[in-house]
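Straight from TrEMBL, the features:
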type: DOMAIN; residues: A:30-440; note: domain 'Cation/H+ exchanger transmembrane'
type: TRANSMEM; residues: A:22-42; note: transmembrane segment
type: TRANSMEM; residues: A:54-71; note: transmembrane segment
type: TRANSMEM; residues: A:83-100; note: transmembrane segment
type: TRANSMEM; residues: A:112-135; note: transmembrane segment
type: TRANSMEM; residues: A:217-239; note: transmembrane segment
type: TRANSMEM; residues: A:260-285; note: transmembrane segment
type: TRANSMEM; residues: A:305-325; note: transmembrane segment
type: TRANSMEM; residues: A:346-364; note: transmembrane segment
type: TRANSMEM; residues: A:384-402; note: transmembrane segment
type: TRANSMEM; residues: A:414-435; note: transmembrane segment
There are 2 protein chains.
Amino acid sequence: MAIDPGSIFSKLGAFTSDHDSVVSMNLFVALLCACIVIGHLLEENRWMNESITALAIGLCTGVVILLTTGGKSSHLLVFSEDLFFIYLLPPIIFNAGFQVKKKQFFRNFMTIMLFGAVGTLISFGIISSGAKYIFEVLNFHQLDIGDYLAIGAIFSATDSVCTLQVLNQDETPLLYSLVFGEGVVNDATSVVLFNAIQNFDLSHINSSIALQFAGNFLYLFILSTLLGVLTGLLSAYIIRKLYFGRHSTDREVALMILMAYMSYMLAELFYLSGILTVFFCGIVMSHYTWHNVTESSRVTTKHTFATLSFVAEIFIFLYVGMDALDIERWSVVSNSPKISLQFSSILLGLVLIGRAAFVFLLSFLSNLTKKSAHEKVNIRQQVIIWWAGLMRGAVSMALAYNKFALSETKDRKNAFMITSTITVVLFSTVVFGLMTKPLIRLLLPSPKHLVRMASSEPTSPKSFIVPLLGNGQATESNQSVPRPSSLRMLLTTPTNTVHYYWRKFDNGFMRPVFGGRGFVPFVPGSPTDRSNHQWQ
Amino acid sequence: MAIDPGSIFSKLGAFTSDHDSVVSMNLFVALLCACIVIGHLLEENRWMNESITALAIGLCTGVVILLTTGGKSSHLLVFSEDLFFIYLLPPIIFNAGFQVKKKQFFRNFMTIMLFGAVGTLISFGIISSGAKYIFEVLNFHQLDIGDYLAIGAIFSATDSVCTLQVLNQDETPLLYSLVFGEGVVNDATSVVLFNAIQNFDLSHINSSIALQFAGNFLYLFILSTLLGVLTGLLSAYIIRKLYFGRHSTDREVALMILMAYMSYMLAELFYLSGILTVFFCGIVMSHYTWHNVTESSRVTTKHTFATLSFVAEIFIFLYVGMDALDIERWSVVSNSPKISLQFSSILLGLVLIGRAAFVFLLSFLSNLTKKSAHEKVNIRQQVIIWWAGLMRGAVSMALAYNKFALSETKDRKNAFMITSTITVVLFSTVVFGLMTKPLIRLLLPSPKHLVRMASSEPTSPKSFIVPLLGNGQATESNQSVPRPSSLRMLLTTPTNTVHYYWRKFDNGFMRPVFGGRGFVPFVPGSPTDRSNHQWQ
């Protein structure tokens with residue numbers, strides 16, 4: 001009879017052995033909800049965006065936890081690289097590929113590749129050599145050549161997540177596709193570069209190793225892209241052949257999500273770049289697979305992918321905010337705040353210069369190849385491209401942890417590098433991020449008339465919901481009016497000729513096999529047969 | 001220059017340190033896809049269902065892994081209780097609550113509670129005392145009283161997941177709501193019972209402890225339900241007040257998913273029953289929150305929840321299939337296959353008897369309170385209720401692991417209990433599962449005319465897609481014709497009078513505050529104002 005009712009209540013029902021982790025998860029989920037609600041309330045604010053809100057909430061929570069635990073800890077969950085690279089990054093990059101305006105993306109494909117691959121290499125070179133030169137002038141000799149190269153790779157990775165929230169795909173399609181496409185290629189390049197640096201023998205660099213390195217990069221890039229395209233086509237083929245929607249929408253949705261995820265994991269399996277693979281898988285899925293599923297599956301997948309990506313983004317920024325206050329790191333650095341500040345401002349300066357160098361140089365080169373004036377990137381747009389890619393985010397953090405966090409508390413050098421990375425990430429996201437919206441408004445006073453291109457894709461996932469809710473037929477026939485002119489436009493430049501032959505091939509062979517707009521069976525009256533009439 | 005290109009390729013790009021886990025995840029995701037495709041191809045088969053397919057694929061894969069690893073291991077992932085109770089079970093139970101036909105569920109609420117709570121206790125008593133009696137007759141004295149009670153709890157937990165796949169909500173709404181509702185309450189009761197047994201001092205059981213135990217159970221049940229209802233209402237209130245859809249569908253979807261999950265985690269935090277909480281949260285969300293979001297959010301959430309639940313189910317069965325072949329356990333038992341077989345058949349027999357006892361007894365009692373003949377549960381339906389709840393699944397496995405797996409390889413008794421549980425789960429799922437579809441067809445030759453009740457809810461998530469795709473208005477007006485008769489029906493029995501006053505309260509107070517069908521702003525022309533006209 002010596003049983004205390006209170007203790008009984010506390011023992012019944014609950015299953016998890018580790019109650020602390022349940023408390024953490026509750027708090028974290030509650031914070032995610034708070035970010036969504038506050039982000040919604042600040043929607044109209046001309047300065048804020050969701051990333052900054054999440055960062056700020058993360059910082060505040062970090063302070064509260066720091067105070068309640070008596071300065072012992074500032075974060076709720078243990079952030080692992082695996083969590084970031086296996087669970088949070090894939091949905092973000094996949095969704096980016098899935099929602100990207102394919103026509104814009106492929107029309108500017110060469111420019112995007114130039115900015116993403118060559119630009120990142122230029123930025124990497126400037127930041128690495130700049131850091132080496134300045135740190136040695138400042139008599140800070142603790143870093144070796146591998147560390148400088150790693151710094152170059154870490155700070156070359158722009159935060160494409162943050163960029164997406166600042167630019168609007170519908171208002172500035174050209175800028176969006178350039179900045180965003182570059183961001184994805186940039187992420188992949190940085191990660192590949194970083195891994196290469198970790199594994200190559202850096203004591204004697206010569207031209208042969210550099211050539212080998214370039215070869216490897218090309219090999220990785222092509223194979224990763226191919227893998228993504230193949231997985232996407234496989235999903236399209238399976239769903240088209242078996243026609244799941246007849247029995248169950250859930251099977252279609254589950255299969256699309258699982259195969260998208262599998263493309264990323266397959267790339268990891270073959271030591272390829274999962275980021276590139278899942279991005280191209282997203283593009284192929286939105287071009288073929290998405291058109292093979294039922295109406296409700298389309299709405300569901302479109303919003304599910306967007307939601308997953310959205311939550312993953314908030315998760316990352318919330319965590320980065322909390323993690324910024326890790327007391328152990330700052331206590332090592334706090335003895336010499338001046339050096340720490342110097343470090344961070346030098347790195348920020350190098351980031352600014354590195355990006356400026358390649359954006360203006362490569363824009364100039366890219367403009368030389370373009371004939372029509374409206375396809376050239378003017379100086380205002382160049383400034384925006386430069387500015388929108390200045391933010392450093394979760395990829396930089398993850399790479400910095402990977403390089404410097406292993407023996408961190410022991411080593412003063414490592415504590416310096418981690419805290420500098422945090423400072424650069426926080427400063428660039430908050431300060432640069434806050435200024436981006438006003439800057440765009442200043443440089444592009446009425447973006448709708450300045451940059452909007454002739455045609456957008458009316459049945460891409462992004463704009464699908466309008467014909468569903470409104471009077472679909474009317475919208476469709478309105479939008480198909482400017483088509484003939486865009487057809488003429490297609491034939492004026494060589495890139496567009498490639499695009500023209502691709503569309504012929506796509507309509508003649510790919511769509512009949514893999515489905516896609518205009519080749520979906522059994523859905524009479526759907527607004528997707530127009531592309532047929534156009535090309536027949 | 002001593003760099004091997006092959007090794008460079010294998011080092012670039014990939015990030016996960018543990019390459020084995022990448023291989024496992026790839027295989028597991030591929031198997032999930034295979035289950036979906038094969039399940040789809042076997043859809044028309046009158047014997048198979050998705051659970052059995054997943055179990056079979058899991059078993060086959062287990063054999064293959066066993067052969068390739070040379071008999072060392074048979075599974076790809078380490079199954080943890082946490083994985084099951086924190087990630088896989090919540091979406092399944094939430095979706096069940098979200099998609100359940102609320103009218104049927106609440107009309108049969110007392111019967112469901114009788115079956116779920118009292119029935120589980122009867123079954124628990126019969127299995128515990130039966131096992132104790134028979135095992136002692138067979139001179140197997142290694143189990144103590146706590147073990148016997150645990151066996152009772154483990155084998156009282158029916159597999160509501162498998163049941164869902166066998167019964168059809170639209171064809172047999174009464175049976176579905178009884179069997180399924182009972183399954184959820186049963187799961188909760190078994191888990192609560194099991195925890196209580198683990199924690200109570202079992203050496204001296206007396207009436208006072210029994211009373212205390214009953215009190216705790218009631219306390220847990222009521223508080224868990226309340227928590228679920230409150231979280232659901234909170235989500236409805238937030239989404240209604242802030243009207244997220246104006247800016248972003250993704251925010252609505254993210255918030256619904258996060259708050260649903262939070263209800264489960266909150267219950268775990270307060271040591272309540274997460275299963276009950278998330279089930280009632282699902283019901284409230286489908287009644288209020290779901291009607292406050294935009295059209296595309298509705299389609300998305302409906303299918304996302306169903307898909308999550310679907311994948312979690314397949315995941316569980318796939319794992320159970322693989323895990324069944326764990327070679328270590330069977331090697332302990334293999335010395336005495338006769339005892340092992342005896343054990344399993346005794347437990348199977350007790351499961352059959354335990355369920356038969358309470359289904360027929362409680363159906364008789366329940367029928368006494370019903371006046372109209374068509375509300376009574378006839379003998380054919382009783383047989384189906386008995387049969388459909390015979391399957392034992394993942395909850396039994398998880399409880400058995402929790403009780404017997406800690407010192408398993410050392411202890412012969414524990415190995416026996418685990419292998420017996422696996423045998424019972426496999427046998428009941430495969431054999432009983434295979435026979436359920438034919439049995440229902442035999443007992444209910446034309447279920448559409450036999451069991452279908454007067455009214456179903458036309459705008460519940462389950463049947464939402466029909467008015468969306470087809471001619472919505474026509475369908476609606478057809479279905480509202482039999483309403484007056486169902487109104488008269490409502491007033492004939494006391495339970496229905498409660499229901500009538502609840503609807504008055506719901507329309508007068510709850511819906512204006514929390515939204516819900518008929519109280520959604522800014523969506524003119526939606527088929528949801530009918531309930532208004534009906535009650536004004």
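Using the three backbone atoms N, Cα and C, a Cβ is placed for every residue, glycine included.
Most Cβ pairs under 8 Å to the transmembrane segment (A:384-402), among the stretches A:83-100, A:217-239, A:346-364, belong to A:346-364. Here the transmembrane segment (A:112-135) touches the transmembrane segment (A:346-364). Their Cβ atoms form 3 or more pairs under 8 Å, with each pair 6 or more residues apart. Using a cut-off of 8 Å between Cβ atoms, the transmembrane segment (A:305-325) and the transmembrane segment (A:54-71) share at least three residue pairs, counting only pairs 6 or more apart in sequence. Residues 27, 31, 34-35, 38-39, 313-314, 317-325, 327, 426, 429-430 of the same chain sit 6 or more residues outside the transmembrane segment (A:54-71) yet have a Cβ under 8 Å from a Cβ within it.
The stretch in A:217-239, A:260-285, A:346-364 that contributes the largest number of Cβ pairs under 8 Å to the transmembrane segment (A:83-100) is A:260-285. Taking Cβ pairs closer than 8 Å, the transmembrane segment (A:217-239) reaches residues 117, 188-189, 192, 196, 252, 255-256, 259-260, 262-263, 266-267, 270, 272-274, 276-285, 287-289, 292-293, 513-516 in its own chain, all 6 or more past its ends.
Through the fold, the transmembrane segment (A:260-285) approaches residues 85-86, 89-90, 93-100, 102, 105, 184-185, 187-188, 191-192, 220-221, 223-225, 227-229, 231-233, 235-236, 305 of its own chain, all at least 6 residues removed from its boundaries and within a Cβ separation under 8 Å.
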